[in-house]
Structure formats: C-alpha cells, structure tokens
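*Asks:* Here it is, the structure in full.
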C-alpha cells in the first residue's frame with residue numbers, strides 16, 4: 001500500500017521536461033535523489049530524458065486531469081524564512097512553466113520542478129507587515145520579472161535576497177486565481193494522508209517560491225493588467241494609503257457656485273481712490289463766532305480763509321462777499337478736494353434786510369452751472385462739482401432764543417441746501433444755560449417749519465435710529481481750537497483757562513465730536529446724495545419747466561436765481 005502511494009507521488013512529478021542547455025537558469029541547485037528510500041525512482045527519472053520533446057501544452061493537460069483539488073491562494077511575505085514543521089497533510093501549489101527542467105541522476109543537488117512552497121495551515125499566525133502587499137498572478141509568458149529563489153537548506157543564505165534601494169516598495173506575491181484559469185493557469189496537486197517520512201519529502205518538495213520586489217506603482221500602472229492583479233489597498237483600511245499627498249503649490253479649490261459679484265466693491269473702491277472725492281462746505285454767521293477756527297479744527301489743517309489770507313488784507317466788507325478756497329487733502333491714500341466757502345459781512349450791518357439773498361444767489365448759480373454742463377451735447381467726462389453740499393449756520397450763544405434774522409435765513413435756505421445749526425463758542429454757557437438754550441432753539445425750528453439736516457423725510461430704514469440721536473443733539477454746542485496741549489501725557493486740542501483746559505474732542509465738555517462724526521465719518525456721502533438727488537433735482541425740474549414754457553411763448557427768459 002505504501003509503495004503504491006510513493007509510485008503515485010512520483011507520477012505527479014512527471015510534469016516537467018528537461019530544459020535545453022542554453023536556457024539553463026543562472027542559479028540552479030539540484031537535490032540528490034533518495035535511491036535508498038524509493039527503489040524505482042531512478043528508473044522513472046531516467047525516463048524523463050525521453051520526454052524532452054513533448055510540448056508544454058500536453059504537460060498542462062496531464063496535470064489538470066490529475067489535480068484532485070482547486071488551486072489554493074496563499075500569501076508569502078518577502079524574505080527567506082526557515083521552514084516550519086509540517087503536518088502529515090500538506091497542500092502543494094505547482095507553478096507550471098513552459099521552460100524545461102534539466103535533471104540528471106548523476107548531477108548532485110535537488111531537481112527543479114518549479115514547485116510552490118507548501119503552505120502549512122494552522123501553525124503560526126502571520127505577523128503584520130508595515131509594507132503594502134499586492135497579490136499578483138504570474139503568467140507563464142512573463143519572463144522579464146526577477147525570480148529570487150530561496151536555498152533548499154533550512155538555514156537561509158545571506159545572499160538569498162537581493163539588496164535593493166531604500167525607496168519604498170511593495171511586494172508582489174504570486175498566487176493562482178481559479179476564476180481566471182485561461183489567463184493564469186496554475187493547477188495544484190494535493191497529497192492526503194501521506195505516511196512517508198518528512199525527511200524524504202523535504203528533499204523533493206522543498207519550495208522555491210518566486211518572490212519579486214517591484215518599486216511602488218501609481219494608480220495608472222496598477223490598471224495595466226486588471227485581470228491578473230489584485231490590489232490589497234482597495235480595502236477600506238488601506239484606502240487612506242493610496243491617496244496621493246496634496247502638493248503645497250496647489251491652490252485651494254474654488255467654490256463651484258462662486259461668480260465673483262462681490263468684486264464690484266473692490267472695483268468701485270479703486271475707481272474712487274483714483275478719482276478722489278469732492279466736498280463743498282459753506283460757513284455762515286456773524287464775524288467773530290469762530291467759523292474759521294472751527295473749520296481748521298474739523299479737518300486739523302490750516303484751510304480756512306483767514307489762515308491763508310494775510311492779516312493786512314483783512315477788512316470789514318461793506319456788502320456781503322462770497323469767498324471760497326480749495327484744498328487737496330489726503331489721508332491714508334484717500335484724496336479729497338475740499339472747498340470752504342466763507343460769507344464775510346453776513347449780519348454785520350445796521351440794516352440786515354435781505355442779507356440772505358447773495359448767499360441764495362451763489363447756491364443757485366452753482367446749480368445752474370452744473371445743469372448747463374449736463375445739458376451740453378459734448379459734455380465733459382466728469383463734471384466739476386461746485387454745488388454746496390452743506391451749510392454750517394453759526395448761532396450766537398445768547399442763551400435766549402433764535403433771532404428773527406436766524407429764523408428767516410434758515411427758513412429760506414433749508415429748501416435749497418442742507419443746513420446744520422451750531423451754537424458757537426458754547427464754552428461761554430454753563431451746562432444749565434446750554435440745555436435751556438438748545439430746547440428753545442429746537443422749539444423755534446419746529447414752530448417755523450425749518451427742516452434741518454438730517455431731514456426726517458429722507459431717512460432710510462437702517463439709518464433712522466442713528467439720525468434720531470443726531471436730531472436730539474441739534475443744535476450742536478461746539479468749541480473750536482487749533483492749539484495743542486499735553487494733558488495726562490496725551491496731545492489734545494483745547495482751550496486753556498485759569499480754571500482748567502476745555503478739551504475739544506471730549507464729549508463731556510462739548511459736542512464737537514458728534515458734529516465731526518456727522519459731517520465726515522458717518523454722513524458725508526449721504527449729505528452729497530441728498531444734495532444731488534433732492535435739492536439739485538428740484539432746481540433742475542423747475543428750470544426745465546421754465547425753459548419749456550419760455551419756448552412755448554417764444555420769449556427768452558433769464559433764469560431766476562433769487563429764490564426757488
């Protein structure tokens with residue numbers, strides 16, 4: 001019985017032919033046959049020389065008929081390992097190659113049958129390997145891969161594994177795939193209930209698994225032969241390893257739904273910074289109320305008329321004169337063309353009847369000049385804006401109420417320009433006098449129908465609360481000064497007296513800071529918009545109606561500049 005099994009075992013090994021001398025592998029170690037154990041094995045191996053001319057296809061068919069079990073998939077790790085003790089039942093995987101094996105009985109060393117290493121099941125748990133493993137099925141025609149054979153002895157040789165570079169590599173272990181038999185045919189042989197001594201089988205069945213180390217391949221390379229490559233990194237636990245690192249030079253992906261409408265703000269800012277801004281402010285009041293000083297304090301520059309004009313040329317005018325001076329102011333890259341319009345002689349005469357008419361005429365003349373520039377056929381690309389945007393009206397700090405001149409002037413000019421009333425030299429009033437004086441002025445404005453800026457009818461929804469607070473402060477009790485002092489280590493603008501220093505920008509001393517915020521920091525653009533959209537628009541409609549009626553009657557009529 002035992003002899004028959006040995007005979008069957010030898011028949012299963014009659015699968016490879018002798019390889020021609022020119023195709024002898026460069027590294028071949030042969031194992032001597034155990035003639036003492038098996039008596040008839042020498043005769044069987046001598047018969048192999050006769051079968052050298054048989055084709056490789058016939059050998060594959062012979063083995064496929066004798067294969068009692070399907071092929072087994074196994075995973076071998078790179079590196080030579082000492083053989084482990086095998087059980088009585090051993091499963092073998094035979095790698096069929098089209099090359100012939102040169103085998104002679106007289107040559108010492110084991111015969112090369114191209115057998116896979118026997119996989120011993122249930123003895124040792126494989127250790128985790130930090131490298132990525134790719135299972136690849138070797139085709140018989142692929143001869144370009146490097147084959148590294150382990151030595152037949154149990155002690156591994158030092159030169160068994162080739163030394164490779166330090167680049168990260170993945171180990172490809174060749175296993176057969178039963179589902180793809182036409183592409184990668186690897187029929188296995190199984191020995192069951194073998195009672196032969198293990199020492200006899202090790203000489204014949206010592207595995208020589210072809211292990212190939214290849215450099216790391218990217219995703220495109222792994223898709224070349226999808227029928228014979230199974231990438232273990234496709235598992236969810238290795239999905240993160242396959243992701244390529246993001247380059248540092250790559251920009252963050254732009255939102256797909258982003259259009260770029262918000263860039264219009266930057267475009268408008270660049271255009272406005274290039275063109276600059278224009279602001280025209282008029283100061284009206286009697287002489288000696290500190291009009292020029294307040295303007296210098298507002299813009300912290302010597303921009304008033306008196307600051308530029310020599311004192312020797314200063315004289316008391318017999319009539320009201322309108323004088324303007326223009327400055328180019330730049331702060332943090334923002335340029336503004338500031339025009340200050342002064343009205344010397346207003347209210348300084350004995351008879352102040354109709355003293356407001358020159359001021360009204362000047363305001364309407366600026367509207368007319370701007371209108372003529374608009375209606376021209378070949379008008380300028382940018383029309384110079386000389387319209388009066390704001391008028392500061394200085395009220396003397398009498399402590400009583402408004403004078404008839406003040407009421408008449410503000411009543412007429414509030415319809416054509418933005419009027420902001422201020423109490424000049426408010427430091428001459430006590431706190432109680434200031435509160436009482438402001439209440440009297442507010443009641444006089446309401447009783448005479450004088451609508452000062454900010455007008456309630458022009459309020460926008462988001463500015464209503466802010467404008468209400470400003471309206472409660474009107475008229476602003478201000479103090480102007482262009483002298484600097486050191487108070488508690490800080491530089492301030494103020495007025496120094498025997499009893500202390502009045503700080504101009506201190507809201508507990510005066511309301512100059514609120515006036516500056518209204519005119520410059522919060523409402524400057526709104527003041528210009530109301531001038532253009534409300535006051536100038538009313539003047540333009542009136543002039544166009546007058547022009548149409550004059551053309552209908554055939555009469556040329558001079559534009560009225562006295563009053564709207």
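Every residue gets a Cβ built from N, Cα and C, even glycine.
Here Swiss-Prot flags 285-292, 319, 345, 425-433, 480, 495 as GTP binding site, drawing on similarity to another entry. Look at Swiss-Prot and you will find 95-109, 190-203 tagged as compositional bias 'Polar residues'. What Swiss-Prot records for 275-546 is domain 'Septin-type G', and it gives sequence analysis as the kind of evidence. The N-acetylmethionine annotation in Swiss-Prot covers 1 and is backed by similarity to another entry. Residues annotated as phosphoserine in Swiss-Prot: 12, 64, 67, 71, 307, 312. As annotated by Swiss-Prot, phosphotyrosine applies to 258, with the evidence given as similarity to another entry. Taken from Swiss-Prot, the feature region 'Disordered' applies to 38-165, 178-224. According to Swiss-Prot, the feature region 'G1 motif' maps to 285-292, an assignment based on sequence analysis.
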*Asks:* What's the most sparsely packed of the binding-site residues 285, 288, 345, counting other C-beta atoms within 10 A?
*Replies:* 288
*Asks:* Determine, to the nearest whole angstrom, how far the Cα atom of residue 430 (GTP binding site) is from the Cα atom of residue 258 (phosphotyrosine).
*Replies:* 60
*Asks:* At a 10 Å cut-off from the C-beta of residue 430 (GTP binding site), count the other C-beta atoms across all protein chains.
*Replies:* 10
*Asks:* Average the pLDDT scores across the region 'G1 motif' (285-292) and report the rounded value.
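*Replies:* PLDDT averaged over the stretch: 90.
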*Asks:* What does DSSP give as the helix, strand and coil breakdown of the region 'G1 motif' (285-292)?
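*Replies:* Residue counts in helix, strand and coil order: 2 helix, 0 strand, 6 coil.
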*Asks:* Among the binding-site residues 427, 433, which residue has the largest number of other Cβ atoms within 10 Å of its own Cβ?
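*Replies:* It comes out as 427.
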*Asks:* From the Cα of residue 258 (phosphotyrosine) across to the Cα of residue 345 (GTP binding site), what is the distance in angstrom?
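*Replies:* That separation, Cα to Cα, works out to 61 Å.
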*Asks:* Please report the distance from the Cα of residue 285 (GTP binding site) to the Cα of the residue listed as 'phosphotyrosine', rounded to the nearest angstrom.
*Replies:* 55
*Asks:* DSSP on residue 433 (GTP binding site), three-state: which is it?
*Replies:* helix
*Asks:* Measuring Cα to Cα, how many Å separate residue 288 (GTP binding site) from the residue listed as 'phosphotyrosine'?
*Replies:* 60
*Asks:* With H, G and I counted as helix, E and B as strand and the rest as coil, say where DSSP puts residue 345 (GTP binding site).
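*Replies:* It is coil.
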*Asks:* Measuring Cα to Cα, how far is residue 291 (GTP binding site) from residue 258 (phosphotyrosine) in Å?
*Replies:* 52
*Asks:* Using DSSP with the three-state reduction, classify residue 427 (GTP binding site) as helix, strand or coil.
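*Replies:* Residue 427 (GTP binding site) sits in a helix per DSSP.
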*Asks:* Do you know offhand how many angstrom separate the residue listed as 'phosphotyrosine' and residue 433 (GTP binding site) by C-alpha?
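*Replies:* On Cα coordinates alone, these residues lie 60 Å apart.
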*Asks:* Let me make sure I understand the structure: which of the recorded positions listed (258, 291) has the fewest other Cβ atoms within 10 A of its Cβ?
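*Replies:* Relative to the other recorded positions in 258, 291, 258 has the fewest Cβ atoms within 10 Å.
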